Amino acid sequence: MLDARYIRENLETVEARLKTRGEGVDIALFKELDGRRRELLQQSETLKALRNKVTEEIARLQDKSQAAERKTEMREVSQQIKGIDESLRSVEEELQNFLLTVPNVPNETTPIGKSEEDNVVVRTWGEVPTLSFEPKPHWEIGEGLGILDFERGAKLAGARFTLYRGAGARLERALINYMLDLHTDEHKYIEMLPPFMVNRECMTGTGQLPKFEEDLFHMEGVDFFLIPTAEVPVTNIHRGEILKGSDLPISYVAYTPCFRKEAGSYGKDTRGLIRQHQFNKVELVKFTSPEDSYQQLQKLLGHAEEVLRRLQIPYRVVELCTGDIGFSAAKTFDIEVWLPGQNCYREISSCSCFEDFQARRAGIRFRPEEKAKPEFVHTLNGSGLAVGRTLVAVLENYQQADGSVLIPEVLRPYMGGAERIS
């Protein structure tokens, strides 16, 4: 959430930078609500100061009739204050609801653009393999090996659900454990295992609510949501807390299943594992000081890249433009993995700095020093990685002409020493 004072003092800048997202903000409504709030607040404070002053005078009055008259006047003032404060609460709630729908201001270094066509390729890693045979897409590989069952997945739950079996299930588990071990043992993240359902406050804190409720699975009868990403519960671990500056940066990693309606994806990626209602993901989350956040973003990005480097799978890093970054993000880098069966790069991780946008919504602050005034932290997160899409990348990049799939060396200890799925 943006700070109302920041918007007030930088109206033209905020409006111009939000327009680069392709979204306009009703600045006139903000000015009206903010002006009304400040006016009511001033009226309330003026009357409360008057009441306090007169109350002190009444205590010194010797004339009882005069004191009674002043008390009557103050009762009327108290009624005025009550009415003004009720109006103030109403306006503050309306302003708060408005601010919750305003996206984050893109960082000034974020490339300006309208869509993914304007994103900037930062670097590529690895050689795109030249195969001596026509590469298959992962769904054909998985079905041919009997490790992915799309038909039975649909029978169990409908479209965009998949049943993993045998070596497919074990490969998914191997990837999860490999990622967690890498991030905890070498990158020194603290592992978390959060609830897979969260309350409305969590969804509001990270920015999914109120604007994107249609893409969330909501539990009937109770006000819980299935998480769309571990970012939601892990970021909210410190909701409403004041952290020690000496503890920053705090780095968490969490494996969770993720649940998304994919409401706007009708007709997209209808085959395979790329776009599912339920999928596994290993998420990286950081809490940092404002001064350190963009340095930590590069570290987080590097940690996500390392997963693919050790798997020896080609990828590229893309910086998203203002028209393509998410609602809460100030800056985002995507990692896109090469998929031979589809002859293209596909997103496998999105690494973002949110500056204080989420922290302000969730009330996450820190003290730079022991007695210093609390400040909002900066939050960061990124996939490290999306597990299903990594499995897709393994199947397509390690496929062999005979239909088998070689197992990357780093995964073999997690696969009982097996070298091939056939």
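Here the Cβ of each residue, glycine as well, is placed from N, Cα and C on the backbone.
Long-range C-beta contacts of ALA230 (L-serine binding site), restricted to its own chain and to partners at least six residues apart, with a cutoff below 8 Å, comprise MET192, PRO194, ALA254, TYR255, THR256, CYS258, LYS281, VAL282, GLU283, VAL285. ALA230 (L-serine binding site) falls within neither a helix nor a strand when secondary structure is assigned with DSSP, and so counts as coil. Among the features that Swiss-Prot reports, L-serine binding site is placed at THR229, ALA230, GLU231, GLU283, SER383, with the record citing sequence analysis.
DSSP classifies GLU347 (ATP binding site) as strand under the three-state reduction. Less than 8 angstroms from the CB of GLU347 (ATP binding site) sit ASP334, ILE335, GLU336, ARG389, each of them six or more residues away in the same chain. Residues annotated as ATP binding site in Swiss-Prot, with sequence analysis given as evidence: ARG260, LYS261, GLU262, GLU347, ILE348, SER349, SER350.
Comparing CA positions across the binding-site residues THR229, GLU231, SER383, the one lying closest to GLU262 (ATP binding site) turns out to be THR229. In three-state terms derived from DSSP, GLU283 (L-serine binding site) belongs to an extended strand segment. Ranked by Cα separation from ARG260 (ATP binding site), the binding-site residues THR229, GLU231, SER383 are led by THR229. Among the residues the record lists as binding ATP, namely ARG260, LYS261, GLU262, GLU347, ILE348, SER349, SER350, the two farthest apart have Cα atoms separated by 19 Å. Straight-line distance linking the Cα atoms of SER349 (ATP binding site) and SER383 (L-serine binding site), rounded to a whole number, equals 5 Å. DSSP classifies GLU262 (ATP binding site) as coil under the three-state reduction. Classification of SER383 (L-serine binding site) by DSSP places it within a strand.
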